[in-house]
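Q: Dropping a structure here in structure tokens format, bear with me for questions.
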Amino acid sequence: MNLLQLLTTAGYSKVHDEDKRRTIKIVNTLSLVTAAMSGAFGLGCFITTGNVAISAPAVIECSLLSAIILMNGLGQYTAAGVSLIIINNVSIQYYSAIMGRVTEVHLLFIFLVGLSLLVFEKDKPRRVFSIAFTIFAFLIGEINMYNGFISPVVPPEDHTNAQFIIRWVTIPSILILDLLVIYYYVRNIERLRMREMLHVQEMLDTVKEHNRDLEILTAQLAKATDAKTVFVRETSHEIRTPLNAIFGISQLLQLKVEQDRSLAPIRQLADHLYAASYNTRDIINNVLEFSRIEAGKLDTPQAGPLNVKEWMEGIINMHQYVASVKTVKVKATLDPEIPQLIMGDKILLTKTLNNLLSNAIKFTRQESTVTLDVFQNEYKWCLQVTDQGEGISTERQSTIFDAFVTERNIFLEGTGLGLHITRHLVTSMGGEIKVYSKIGKGTTFTVILPLKIPSAICNNAIDNDSRSVALTDTSILIIEDDKMSQMVLSRFLSGMGSRIILAADGLEGLLLARASRPDIIILDSHIPGMSGKDTLAQIRTDDVLKNVPVIIASGDAFKENSEELLQAGANEYLVKPIDFKVLHSTLSKYLRANAHP
């Protein structure tokens, strides 16, 4: 290491921070440069003028500036920086006083201010002090210049060689110092710019890395979501098939009890079985609906004419069976002002009302009443469901529509999905849902929807749509591989007077259909050999069978599957477990159509 490098890096070994090291080097370098310039200036002035008033202070300044390097070497970094500022200010103002206007000392203001900014770059209090001290020193110099407290050694009117030499030695020195500070300042700016660029590059690299990680996680999440969807779909299908048998048996028992009074003792058991299977069906439906919401596959409302009274009564009748298990009554009131027919998506409205009524029945007290009020409010129509349960606290009301938020009661615990799904359904129909609850009194959920009246053409189109048709002497082909489902459906339909034909697969079903020419075909979508879709395609291309109504009965509740089969030619798509009232209504619809072509 040479002497120059040794002097400019004095104090380096005790500091590891790069910014601090850079400041130490600047202080050492400027101290060394100004010391050398002071010494040379003093020596030159002494040789040319022999004036001790100029040369002696220059030698003293040279010594003091050299001592600053020693201070840094001893670790006194702050003292060294402050000393550099003070020594230069005092020295400049001294020479300004004794040399008068011979030199342009005010040009060093740039040097001194720049020096303060460099030395105390990250030390705001000392930076402010240094700049203030510089301004103060220059003010003192200006005051002395105008008042003449200290007389110049070389008067301005003295045009000797000494004045010429002093002036043209000091001005280049001043410019060198100014340029040196500017040089360091430019380097500092470039350093900061490079550091910022490196920081930005590091951030970009980090963002790219995070994006790569995010892409990997997104792919993993998509894979997991697909796997979950497949699992939910397959599990749902596997559960719905045996549940269809249980649900069907419970309905058969209820029908049997109604027909045979001697079976009255098992009425309660039949109702309990129906309620349990009905609740299980609701849970499965909600899990599937939530899975669709998570995947962003929201149903687009398909508005059509809806007979409010018949729709409401049909839903109430289904829920009354479930409510009877808790000895709960379900009452409904319909505002006489509300139009008989309105425009609405029957499927989404049914899901909404089913969820609200199921929720109310779950959490109302035993031997209480759940009330449904349907009324008009200006240009809106409202569904209001009220229970007599324990109520929901104000704190819980703010989160009650979030997923997996539920309440407990002594009867059962909810899944926490029903209200979350209901809000999505209501929102998709352009409405809103509100909750009002009072602890110990009960809870009211109000759904507010736009009121739209169907045209006269639509009114005529649905006349007598709800009439039930007797199934007596009706030929129905059931293509179903599950023996239990075969038995349940055939028991119900044969009990209604229908002639039942059973097939276990698609090929057998086609042969029997061509031989018997049934009035209606009930087809399971998942059958061995020829799939339900392929069987449907064969039916629709057969000259004899192409006009026979086909009702799909499937354990697959995903909308994509139902739409695929409906587009392939199915007339209806019923999801297992099948409600016999819905099945009867669906069969009646197509038997009426066949009776009045």
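Cβ from N, Cα, C; glycine included.
So TrEMBL says this about it:
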- 234-453: domain 'Histidine kinase' (DOMAIN)
- 475-591: domain 'Response regulatory' (DOMAIN)
- Asp524: 4-aspartylphosphate (MOD_RES)
- 26-47: transmembrane segment (TRANSMEM)
- 77-96: transmembrane segment (TRANSMEM)
- 102-120: transmembrane segment (TRANSMEM)
- 127-145: transmembrane segment (TRANSMEM)
- 165-186: transmembrane segment (TRANSMEM)
Q: May I have the DSSP-based helix, strand and coil counts for the residues of the domain 'Response regulatory' (475-591)?
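A: Split by secondary structure, the domain 'Response regulatory' (475-591) comes out as 54 helix, 24 strand, 39 coil.
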Q: May I ask whether the transmembrane segment (165-186) has at least three C-beta pairs under 8 Å with the transmembrane segment (26-47), counting pairs 6 or more apart in sequence?
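A: Touching, yes - the transmembrane segment (26-47) and the transmembrane segment (165-186) meet the threshold of 3 or more Cβ pairs under 8 Å.
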Q: Would you mind checking how many other C-beta atoms are within 10 angstroms of the C-beta on the residue listed as '4-aspartylphosphate'?
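A: I count 28 other Cβ atoms within 10 Å of it.
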Q: Need one number: mean pLDDT over the domain 'Response regulatory' (475-591).
A: 90
